[in-house]
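Copied over from Swiss-Prot:
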DOMAIN    116-273  domain 'N-acetyltransferase'
REGION    111-152  region 'Disordered'
TRANSMEM  37-57  transmembrane segment
TRANSMEM  60-80  transmembrane segment
Amino acid sequence: MVRLDLADVVLRRMQEKDIEAVKALIKEGCEGTENRLILHLLTRPLALLLLAILSSILRCVLHSFVLALVIPVFISVIYLKLTIPRSAGILGSCRPYWDYIGSSYHADTEPDLPNPHLGRAKLTTNQEKTRRRKKAKEKEKMNESEQVDEDELKQRAKVAGEVWVADSDGEIVGCVARDGWSRDGVCRVCRLVVQCWYRREGLGRLLVQGLESRTKQKGVCRVYAHVPIPSKVGEAFFRRLGYRLQGETAGIEEEEEDDYEDPEKGWLGYPLTKVFVKDL
């Protein structure tokens, strides 16, 4: 496993040049999740009942037990393979797809998320100069390429949400997505991904805590996090950060009424996510 110095990590908004790297990172993080979600949905009681009924009908038609058993499962898996990736990529979003262009609009003007590890090490003069040159070149490219309708981009940016990336010497090693949900005092974390080489280094914790700190400054008092339902690692991670599963309250009626967030729904209406809550 590669060691990562958190003092060298910059937590900044995703820019247009980062979109392909972020998509690849999310795709990598979804590889195991997608298969576990499919297995979870196929083993629900209603799904098993429907598969059994269809298998019985096909057995009478095809006169083959093996084909009658395999065909319904095969068709269901193909269907879920085609429909789940959109949901597995960014979970819990209020929109059916993620607008990466809208999320990156004017991202370079947004200040970085706080990183408490930055005080341990300072960049050398050469590194600072290189970073300034990169930013200057990026601004020039943006001015040349971003000739899209400004009003349209502003409208898209309002509802597109935010993607914050962990940048280590120009390499995107992690990201966290915040939905563009407009409910007052609430923030929704839709996806947290860390590159496989840098897991267990504290990077995920750094991303989430940095986002919590920024949203708290903006008046947000509650954070919801959507975690894929078969992910035990994700559940343990958010519990360690002080989150609780939605519905786990002290028994106070007012708290239980406020403590509600719709989980992402999948095939036959079964939830794809667990919703975790934290009051800031």
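One is the number of the first residue shown, and numbering goes on along the chain from there.
Cβ atoms here come from the backbone N, Cα and C positions, even for glycine.
Sequence-distant neighbours of the transmembrane segment (37-57) (same chain, 6+ residues past either end, Cβ-Cβ under 8 Å): 68-69, 71-73, 76-77, 80-81, 84, 88, 228-230, 266-268, 270, 272. Beyond the transmembrane segment (60-80), the same-chain residues lying 6 or more positions past its ends with a Cβ under 8 Å from any Cβ of the stretch are 37-38, 41-42, 47, 51, 54, 267.
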